[in-house]
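**Student:** This is the feature table in Swiss-Prot:
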| type | residues | note |
| --- | --- | --- |
| DOMAIN | 2-74 | domain 'J' |
Amino acid sequence: MNYFELFSFTPTYQIDTALLAERYRELQRAVHPDKFANASEQDKRIAVQRTAQVNDGFSTLKDPILRAEHMLSLNGIDLKHESTTVKDTLFLMQQMEWRESLEDISDSSDPDTAISDLHESFSDYAKQIAEELSGLLSSTNEAELIQAADLIRKLKFMAKLQIELERIEDALFE
């Protein structure tokens, strides 16, 4: 299913999340199963299915990584069940630096600054990737879409690091 069509969006990486939320509420009102309480069993099932599609679509489009994966899947590249890893040597070195920085936080004399610096580093890197990804995802060129897939893999890794950083932050400041 094309969630961009469901929400009346042109397939693009950058979307208006406020408009997405507005369209989500409109779709929810239109297909909510309660509206079909007196309908046939088949219509009730269809309403439940449509509600699930709307919920899945909203979750997918509001998350930048899932949105990017969805855009690739619309072009025949499925990343959901893959095991390919990032092969970019510079990124792998950066990854190791971030991991070391994460490990060093608890021993740091100023963990607040260390955490803040890592958040900033993650954010800066993710912004660079997002800008590049936006252009690549608008392409139908297979080589550019494969490049986009590599960038999505990097974003997925960074999301895991971000979760780990938040876990460390929570543990330190409980």
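Using N, Cα and C of the backbone, Cβ positions are placed for all residues, glycine too.
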**Student:** Work out, from DSSP, the number of helix, strand and coil residues along the domain 'J' (2-74).
**Tutor:** 56 helix, 0 strand, 17 coil
**Student:** Kindly state the mean pLDDT of the domain 'J' (2-74) in the predicted structure.
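**Tutor:** Residues in the domain 'J' (2-74) carry a mean pLDDT of 92 in this prediction.
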